[in-house]
């Protein structure tokens, strides 16, 4: 089988797992593209991405252009003379000129079963919408937003208690092997590309912090899905006594309430029950400002007065 010279473009840990699989494959990773180092942590020190750290460990050349608008960035990539470029959660837009540089084009690993959930936040939006299944699609990139021909798919169930964090981990275990298998089939001429049906497309817009503010007038089922979808970021929250309180985990109760949405019905070691537009949600793990996340029972031991019965929480 022909060994390909591959450029890899990616940034977070999810992408690094794919880079690791490529490094351990029969192919050659000749260069890595990743986003510029960013300030992180309380000290705001410049921090390398997970992909850059792995590439440096493996002594693979790393390139970190701010964008591909400059001619020099494009020339630099072309000079690598790669057979194929793999893009996984890179975070930068690639112009059509770049997509056409590698001999076999560019492949993208996308965290949904396309054409459902094209866009920036497919994993989070799938949970947010109440989908029972998602997966990963390997596609040939074109100039559109996740509109390229599909080369491989693998599905993954979304469990009842799934968070974005846990779903990322599941997909990160599945997808790298599928990527390597797809590349091998591409080399052997065994792939059959499938066009996307635009009629089935929907879009996963980027998450915003403003979305994470809980709107208690929504039904409990929807709010609970949002809490799982926004974990680990941006984390659902509400405001009480001008304090931001993040909700890390919640459950649903079968009972109904006639109370105004956002009213605390009761607070006990089993959770803080809050009335919603329809149904009751039980807040189980909270994070007070500047503190670590704790079970409600532990928080009530020291801050019970915050969660008195009848307290009305601020609406989103």
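In case you wondered, yes, glycine gets a Cβ from its N, Cα and C as well.
For residue 113 ((6S)-5,6,7,8-tetrahydrofolate binding site), the count of additional Cβ atoms within 10 Å of its Cβ stands at 21 [all protein chains shown]. The (6S)-5,6,7,8-tetrahydrofolate binding site annotation in Swiss-Prot covers 112, 113, 114, 115 and is backed by sequence analysis.
Residues 110, 116, 117, 118, 122, 135, 137, 146, 150, 153, 196 surround the recorded (6S)-5,6,7,8-tetrahydrofolate site, their Cβ atoms falling within 8 Å of the Cβ centroid of 112, 113, 114, 115, which are themselves excluded.
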